[in-house]
Structures are given as structure tokens and as C-alpha cells.
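Swiss-Prot has this to say about the protein:
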- 76-80: repeat '10' (REPEAT)
- 101-105: repeat '15' (REPEAT)
- 141-145: repeat '23' (REPEAT)
- 161-165: repeat '27' (REPEAT)
- 176-180: repeat '30' (REPEAT)
- 191-195: repeat '33' (REPEAT)
- 216-220: repeat '38' (REPEAT)
- 1-26: signal peptide (SIGNAL)
Amino acid sequence: MRNMASLSSSLVLLLAALILSPQVLADYEKPPIYKPPVYTPPVYKPPVEKPPVYKPPVYKPPVEKPPVYKPPVYKPPIYKPPVYKPPVEKPPVYKPPVYKPPVYKPPVYKPPIEKPPVYKPPVYKPPVYKPPVYKPPVYKPPVYKPPVEKPPVYKPPVYKPPVYKPPVYKPPVEKPPVYKPPVYKPPVYKPPVYKPPVEKPPIYKPPVYKPPIEKPPVYKPPVYKPPVYKPPVYKPPVKKPPIYKPPYPKYPPGSN
């Protein structure tokens, strides 16, 4: 009850205050009074220079993340029914015969190859000593052979026609020169023999005519060189480690 009485009294006081307030009691018939705006000059604040604050680099250790285990996902095999492709019949392609003219290949002259003689030094083989083998004499008794009497057989003379033998061509055999090491012979002293001077008449040699040799031009076909394929060289990317540059302050500390 006391609370209700206090609430009612407070409400009455509030209503009285609102009614008796000067805004409610103001006379609205009077025009408003003009008040010019008051100019407030701006206040000058000099700029404050703050020296740069040096913040050392913060070391952040690398965070190691454990590997995440992903169980294998089972994918059932997808059944693809076989696709029937009917056979394609291609008509035979007629290729007319290509005429290739005969290629003229001139004879290639191969000069004879001269091989120098191969020198093989004599190989020294020491004599092998073989001791004499003793063989006892074998006794053979004499065999008696009675004399055989053969009557003379008459052989008529046989006529043999002369056999024609064509000449056999034997190619010249080239024997490589045999190397004979020089044999040292001591000088033999021979007394000088006097030979009277012999006068030989001059021998006339007629000039020999050598006809000019005509050599046919040698045809050298152009040599085709196929292009050489050079596979691309793989150069792995070069990874340069990051260069750590410590942060420098914009102004040296203590300059202000």
C-alpha cells in the first residue's frame, strides 16, 4: 500500500512539473529573437613531430603441421558396355605406276691404296735341347722270296694326239719388299785399278711424243644432309633463397 501511495504521489509531481515548466508556459505569440552566430577562430596546433619508433623484427618460428591422413576412397569400377563399330569398307585406291628415270651414276675412280711394308723384327728362338732317345736295334730275319718269272707282255704302241694346252694367265705376284737388316761388312782394301778413259760416241735419242690425256669430268652428286634434331634442354628453375634485410628506421634515432 505504501508503495502504491509513493508511486501515485511521484506521478502527480511529474505532471505538475510538466505543466508548470517555462516551455509550456511560454508565450508563442512573441517573435523569436535573432542571435547572430558567434565566430570562434580556429585554434592553431603546431604539428608534433614524433620520432620513428624502432620495432625489432619479431621472429616467428615455423609452424609444423602434422600430415593429415586421408584414408583411400574406394571407387567401384565403372562398367562400360562394348561399343559396336560396324566395319568400314574402303574402296581400293588406284595408284598409277610412277615412272622413275634411270639415275646415271658415273664411275668413281678409286686410287690404288699403297700399304707401306710392315717391318717384323726377327724373333729369337733359343735352341731346344732334346736328349737322344735310345732305341735298341730290332732284329729282322731275312725273308726268302723265290724269283718270280714273268713272261714279257706285248703292248702295242698307243697313239696319243697332241694335247692343246691354252696359255695360262698368271697375274704378276707382288711380293712385299723383305726388310733385311744391314750386315756389317768390314771394308776390304782394293788397290786402285788403272782404267784408260773410254770415249763413247753420243747416242741420239729421238723425242718421244706423249699425247695429252683427257680426263672426263667427275660428277659429284650433291650430298643430302638431313636436319639435325636437337632436343630442348631442360633447365630446372633456380630457387634463390630470400635475402633478409633488417628494417632500417626512416630517421636516425636521436636526430630530433
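Backbone N, Cα and C define each Cβ position, glycine as well.
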Original post:
Under an 8 Å Cβ to Cβ limit, what residues of the same chain, 6 or more beyond the ends of the repeat '27' (161-165), are close to it?
Top reply: none
**OP:** Tally the residues of the repeat '23' (141-145) by DSSP class, grouping H, G and I as helix, E and B as strand, and everything else as coil.
**Re:** 0 helix, 0 strand, 5 coil
Original post:
What average pLDDT is reported by the model for the repeat '38' (216-220)?
Top reply: 84
Original post:
Per DSSP, how many helix, strand and coil residues does the repeat '27' (161-165) have?
Top reply: 0 helix, 0 strand, 5 coil
Original post:
With DSSP helix as H/G/I and strand as E/B, how many residues of the repeat '30' (176-180) fall in helix, strand and coil?
Top reply: 0 helix, 0 strand, 5 coil
Original post:
So how many of the residues in the repeat '33' (191-195) end up helix, strand or coil by DSSP?
Top reply: 0 helix, 0 strand, 5 coil
